[in-house]
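Participant: Supplied in structure tokens, the structure appears directly below.
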Amino acid sequence: MKGELLCVLLLCGVAFTLPDQGIHRRFRRGARSYRATCRDEQTQTTYQQHQSWLRPMLRGNRVEYCRCNSGLAQCHSVPVRSCSEPRCFNGGTCQQALYFSDFVCQCPDGFVGKRCDIDTRATCFEGQGITYRGTWSTAENGAECINWNSSALSQKPYSARRPNAIKLGLGNHNYCRNPDRDVKPWCYVFKAGKYTTEFCSTPACPKGPTEDCYVGKGVTYRGTHSFTTSKASCLPWNSMILIGKTYTAWRANSQALGLGRHNYCRNPDGDAKPWCHVMKDRKLTWEYCDMSPCSTCGLRQYKQPQFRIKGGLFTDITSHPWQAAIFVKNKRSPGERFLCGGVLISSCWVLSAAHCFVERFPPHHLKVVLGRTYRVVPGEEEQTFEIEKYIVHKEFDDDTYDNDIALLQLRSDSSQCAQESSSVGTACLPDPDVQLPDWTECELSGYGKHEASSPFFSDRLKEAHVRLYPSSRCTSQHLFNKTITSNMLCAGDTRTGGNQDVHDACQGDSGGPLVCMIDKRMTLLGIISWGLGCGQKDVPGIYTKVTNYLNWIQDNMKQ
């Protein structure tokens, strides 16, 4: 008996001391759920485990039925028919599954969402932002907004579970909205251990004296412009001549579309731009209005950097949407290499540094990439362009780097090249007489090296914060007798501390932007040109002074 007892005890000891070979326990760290989710990029919607949905196929009059399974969308095609009632906004086409009641909207360009209710081109809000339906999702404190459909918001007064959620712009997304007619768009964020509201950092649209510009396609335009491209006067939307037309003041949703007892330009059907009905040669027709898009230069969805590195901070392209990456084909081997940075200043034009092009590359060997956070990893919203031509300043001095500026024209089959998005946007050009106080803090960005001795460029976009030096400190005697001209400006990190903490540009950042906040817009003051090493304490970087080249830029863009 004692022997048997001893054997049992020994076996128990082995059981308690041997490692668990068959069971691999996973311990949760933090409060994050392990329940998988799926995100449908076509509708910008997130689905939970085992949830199903419909989405349009790329070709044919069919749609796909999808189901979220362990984080993967499993889809197959199903037949559909036209919906019995309109359910899609902004000109979307509604299709309903043949054998069950779910529906799907095929959205026109620029709109996404279950009901085509999200405007991907809306980069700012008008008025209080009550009608804002864009994709901004960052609060003023830099926090990411919570999805309106989150179960954590089910007891909040405004969530995607309200009966009138669609009307208020709420849904299965985390984009800023203003459902309660507050002063500007807001959202819920997780702060100090609880869910609370925060105003969003969404920029307000510029207010011109007549508001004769429009944002995106002008779907939300509510100004008073009333003339077409042929200078014809618009007909009132309640004119008896329009009886029988699709878009009039008598539509059930006319107020939501901006139609009424007036003749102001509107875009009720999500066309390319605002339009109106006119009489031409005694015939009723329509024409686009004589209007231009509002300038959205210098606006961005800034996200607070999370990782500090030598020379600056890792950042996201949405914080610097004007940043361009320029690549050139290798001479003796297939592939391409990163060349320099650049700055998008209009849809088809990028500024850079002249010294990047001293080898006189053929234009067809160059490529510009916009919207990329990681230098060599394609981004979800990136845009790539070949180069039509590039212009290097005729008086560029390769020894002193005086007139270190170049202009690249992007190639496109239309008059528009870069499409504006949260990842792609233009930096503002400054007024010729702009004067900023000495030591104004500005930002630079690029994919350059972390330090001069590094053999590699940065894998990810970086940003650095520097201050504008006074002209009295931007001289040859302060920079080891290097030539400094009136076409250059100096900027550097003035904080105390060792060299490892100094923000600065470095090799590979050349051609990139030095931008400063002017009237709440990031404005291009300098182009990264040259420096003495990288990140040296009390040694500023040298930038091409953009205000000296405004006429040169405009003249070359007109050619």
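Going from the start of the chain as shown, residues are counted 1 onward.
In case you wondered, yes, glycine gets a Cβ from its N, Cα and C as well.
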Participant: Where Swiss-Prot annotates a disulfide for Cys83, which of Cys66, Cys68, Cys94 is the other cysteine?
Facilitator: Cys94
Participant: In Swiss-Prot, Cys276 is paired in a disulfide bond with which of Cys213, Cys234, Cys297?
Facilitator: Cys234
Participant: Quick one: which of Cys107, Cys124 does Swiss-Prot link to Cys116 by a disulfide?
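Facilitator: According to the record, the bonded cysteine is Cys107.
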Participant: Could you round the CA separation between Ser510 (active site, charge relay system) and His355 (active site, charge relay system) to a whole angstrom and send it over?
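Facilitator: Approximately 8 Å lies between the Cα of Ser510 (active site, charge relay system) and that of His355 (active site, charge relay system).
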Participant: Summarise the model's confidence over the domain 'EGF-like' (79-117) as a mean pLDDT value.
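Facilitator: The answer is 81, the mean pLDDT of the model over that range.
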Participant: Looking at Cβ-Cβ distances, which residues of the chain lie under 8 angstroms from Asp404 (active site, charge relay system) while being 6 or more apart from it?
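Facilitator: In sequence order, Ala353, Ala354, His355, His393, Phe396, Asn487, Ile527, Ser529, Trp530, Thr544 meet the Cβ cut-off.
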Participant: Do you know offhand how many angstrom separate Asp509 (site 'Important for single-chain activity') and Asn149 (N-linked glycosylation site) by C-alpha?
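Facilitator: Taking the Cα atoms only, Asp509 (site 'Important for single-chain activity') lies 41 Å from Asn149 (N-linked glycosylation site).
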Participant: Over the span of the domain 'Kringle 2' (213-294), count residues by DSSP class, listing helix, strand and coil in order.
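Facilitator: Per-class counts: 7 helix, 21 strand, 54 coil.
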Participant: Would you kindly give the Cα-Cα distance separating Asn149 (N-linked glycosylation site) and Asn481 (N-linked glycosylation site), rounded to the nearest Å?
Facilitator: 62
